[in-house]
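Peer 1: If you scroll down you'll find the structure; I have some questions about it.
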């Protein structure tokens, strides 16, 4: 019999029958090895990216979603992560605790280190400060700082738990990066109607 081109098909032989399964098996092995190699490459890139991300977050900058209303109106929190403020905090300030009054900082809650708070820095180590709505004056101990939320009526801060150790500070908030309408630098400022430390 001839095929459409007029050439006769190759006759079947035991040799061709035995080489065909070997070729198929070899092709499958090559395919499997290629897939494994690609998966291994993706896994290596993912692990490398994760390590770089953790290193950057641990040493240089970190991103935090604002929770609670203690920093309103400077920063806003809502039930939806896409509607609440997301901020960027730098960590270079931690090398020698280079802070200024009026900075917004991240720090671990003194009573629960798994929680991270965002407050404004009011008093530096060794400074005397007057407590808000009071005539009482206290000295901030060395190695500590005094923090308060911009929304005093809704803030749990140093007025409740006292000065915090500098070692609990995780970084200084520098920018709001979400939502788009609020993208910009977080200003260092002093609360209105408040006597500066001395």
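Glycine residues also receive a Cβ, built from the backbone N, Cα and C atoms like all the rest.
Heads up, here are the entries from TrEMBL:
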ACT_SITE  70  active site
ACT_SITE  119  active site
DOMAIN    42-131  domain 'Peptidase S26'
DOMAIN    138-178  domain 'Peptidase S26'
REGION    1-20  region 'Disordered'
Peer 1: Across all chains shown, how many C-beta atoms besides its own are within 10 angstroms of the C-beta of residue 119 (active site)?
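Peer 2: Total other Cβ atoms inside 10 Å, all chains included: 24.
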Peer 1: Would you list the DSSP helix, strand and coil counts for the residues of the domain 'Peptidase S26' (138-178)?
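Peer 2: The counts are 10 helix, 19 strand, 12 coil.
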Peer 1: Rounded to a whole angstrom, what is the C-alpha distance between residue 119 (active site) and residue 70 (active site)?
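Peer 2: Given the Cα positions, residue 119 (active site) is 8 Å from residue 70 (active site).
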Peer 1: Given a separation of at least six residues and a C-beta threshold under 8 Å, show me what packs close to residue 70 (active site) in the same chain.
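Peer 2: For residue 70 (active site), the qualifying residues are 117, 118, 119, 149, 150, 151, 154, 155, 156, 157.
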